[in-house]
Amino acid sequence: MRKISKIAVLTSGGDAPGMNPCIRAVVRTGIYHNLQVVGIRQGYQGLIDNNMYDMTTRSVSNILNLGGTILKTARCIPFKSDEGMEIAYKHLKEHGIDGLVVIGGDGTFTGALRFSRKFPDISVIGVPGTIDNDLYGSTYTLGFDTATNTVIEAIDKIRDTADAHDRLFFIEVMGRDSGAIALRAGISCGAEAILLPERATAIDNLIENLKAGQFNKKSSSIVIVAEGDKTGGAYELAEAVRNEIKFYDVKVTILGHLQRGGSPSAFDRILGSRLGYAAVNALIKGETQKMVGLEANHIKLTGLEEALNQHQFKLEEDLMEMSEILSI
Ligand code: ATP
């Protein structure tokens, strides 16, 4: 079995609440096992720029409650080229690093798998860190719970004003390819309709539902639109129904980047801690090209290739059906 003595950790792609608890767990688990731990700044860009520093247990003090990532993150185009990967490898070797923990989404894992196949002497473990909850091999990804709670808090406030003025709100939430946040937030806030990239939106049905709501004396209606909905964003949908829904004043809110920020929830702090701890233990056991995830409340390792091949979020039809029945 390959012996690991020095590991590095980076965060890559979109930031997600819970990344900091995960970094903390990687650093402290590594040090507990007498490994040296290096932090890489700005994701793969930091590997190319040789932007890394030695971490101690104190480097990660008081970060459990912080959103974002103390290591910063980036989208790094040069890492996609062979030359970029070679520079990254050279820097890792110069520092004597033989294990790498990458925290990010499917793009991050694609890069990690390519890199690890090219340079198999560096072991790589992935941690699913993305608010989109769209990775195979983990029921939940880091940041999804916090982002969903942030969305719920915002929609509850919008519901107050919608109700006071008899308004229909189209609220756009994050999720280019995944309706995970929209679905959970929709159930939690009693949305009258939830529009997702995974399901075609029939405008006629939407109008009928909204009319039925008004007939049933609803004083407001909320339609949650995942940004990847195929009929267009919240503004387009609002225009499409405006002339048919005269009884409501139609408004649009795009929640935008506030969904990424904020202190991680208890769930994401614990998930980040568990996954970071498990990632280092996996490296010590000689694992590589794997993702650590949580399935049925147990840590599970999934090959990065398998996680990527099956990555898309599967729409939970039962939850959709329930939400439609409960929002009449
Ligand atoms: P999120 O789900 O939050 O968007 P992500 O990890 O999918 O996170 P991406 O921007 O898709 O975010 O990918 C992060 C980084 O991974 C890219 O900026 C790039 O450096 C690296 N990466 C993505 N695809 C590849 C690839 N095919 N080869 C090498 N590196 C890649």
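Placement of Cβ uses the backbone N, Cα and C atoms for every residue, glycine included.
Site annotation for substrate in TrEMBL covers Thr130, Ile131, Asp132, Met174, Gly175, Arg176, Glu227, Lys251, His257, Leu258, Gln259, Arg260, and the matching candidate from Arg167, Arg184 is Arg167. The annotation in TrEMBL ties Arg75, Cys76, Gly105, Asp106, Gly107, Thr108 to ATP, and of the candidates under consideration, Gly14, Gly18, Gly30, the one tied to the same site is Gly14. Take the ADP site that TrEMBL assigns to Arg24, Ala25, Val26, Val27, Arg28, Gly190, Ala191, Glu192, Lys218, Ser219, Ser220: the candidate from Arg114, Arg117, Arg159 listed for it is Arg159.
Non-local contacts of Leu258 (substrate binding site) by the CB criterion (under 8 A, 6+ apart in sequence, same chain) comprise Thr150, Ala154. Arg75 (ATP binding site) sits 27 Å from Arg28 (ADP binding site), taking the CA atoms of both as reference points. Within the set of binding-site residues Arg28, Arg75, Asp106, Gly107, Arg75, Asp106, Gly107 have a CB atom less than 6 Å from some atom of ligand 1. Straight-line distance linking the Cα atoms of Cys76 (ATP binding site) and Thr130 (substrate binding site), rounded to a whole number, equals 17 Å. In the three-state DSSP reading, Cys76 (ATP binding site) counts as coil. Counting only the Cα atoms, the space from Lys251 (substrate binding site) to Ser219 (ADP binding site) is about 14 angstrom.
All chains included, 18 other C-beta atoms sit within 10 angstroms of the C-beta of Arg260 (substrate binding site).
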